[in-house]
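See below for the structure under consideration.
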Amino acid sequence: MKVSSAEFVTSGTRPAHYPPPELPEVAFAGRSNVGKSSLINVLVNRKGLVRTSSTPGRTQLINFFRVNGSLMLVDLPGYGFAKVPLAVKKEWGPMVETYLSTRPNLSCVVLIVDIRREPTEEDQLMLQWLRAYNVAVLVVVTKCDKVSKNERAKQAAIITRTLGLARDEMAFFSALSKEGRDEVWARIEVMLAAGQEEAEESGE
């Protein structure tokens, strides 16, 4: 996808705060500090559109970004960081679950995992939950520049086995080299087209 414009729209914690559900939305989910913000920034060619932080758990709101005036990218709060206060964790779960289960214009979810780490139980539960709700999912494996080719192949096998993935449900990505940018966009566009076709067939 050629990105001509990308802009921050709003942040929120509940549906009343979200933009009107007029544009298709692609949500980005994953553990804290897995490279979500960097992935979005590279996809839209805007280095500072989404703030990156070395402090896991920093993103505590659902953030909306409009791309080309025709698509919304949605940055969901990261999960699984032990030092985040329990009270905040309790708010995050319902907030994210409500968004994912009730947002009518959600087209697909990009689930992000770090190639240097085995998928956690939370990653597995998130994927199972999305599948149960029939949400289209692409798993993006980030930080691929941090490992050798042999290690990448080894970790890819672990990730596909642990998450029960087919190879075409996964894409490799590096924010440093921008490897995988075009493939991730291509996969997203396929899921968007499928979602549009499904919506037309159902008369929505």
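One-based numbering along the chain as shown.
Glycine residues also receive a Cβ, built from the backbone N, Cα and C atoms like all the rest.
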Range among 1-21, 43-63 that Swiss-Prot annotates as region 'Disordered': 1-21
Site with most surrounding Cβ atoms, counting all protein chains shown within 10 Å, from the binding-site residues Lys36, Lys143: Lys36
In three-state DSSP terms, the structure that Ser37 (Mg(2+) binding site) belongs to: helix
Segment confidence, the domain 'EngB-type G' (22-194), expressed as mean pLDDT: 88
Those residues of the chain, 6+ apart, with a Cβ under 8 Å from that of Phe173 (GTP binding site): Gly35, Leu39, Val42, Val140, Val141, Thr142, Cys144, Glu179, Gly180, Arg181, Val184
Helix, strand and coil residues within the region 'Disordered' (1-21) as assigned by DSSP: 3 helix, 7 strand, 11 coil
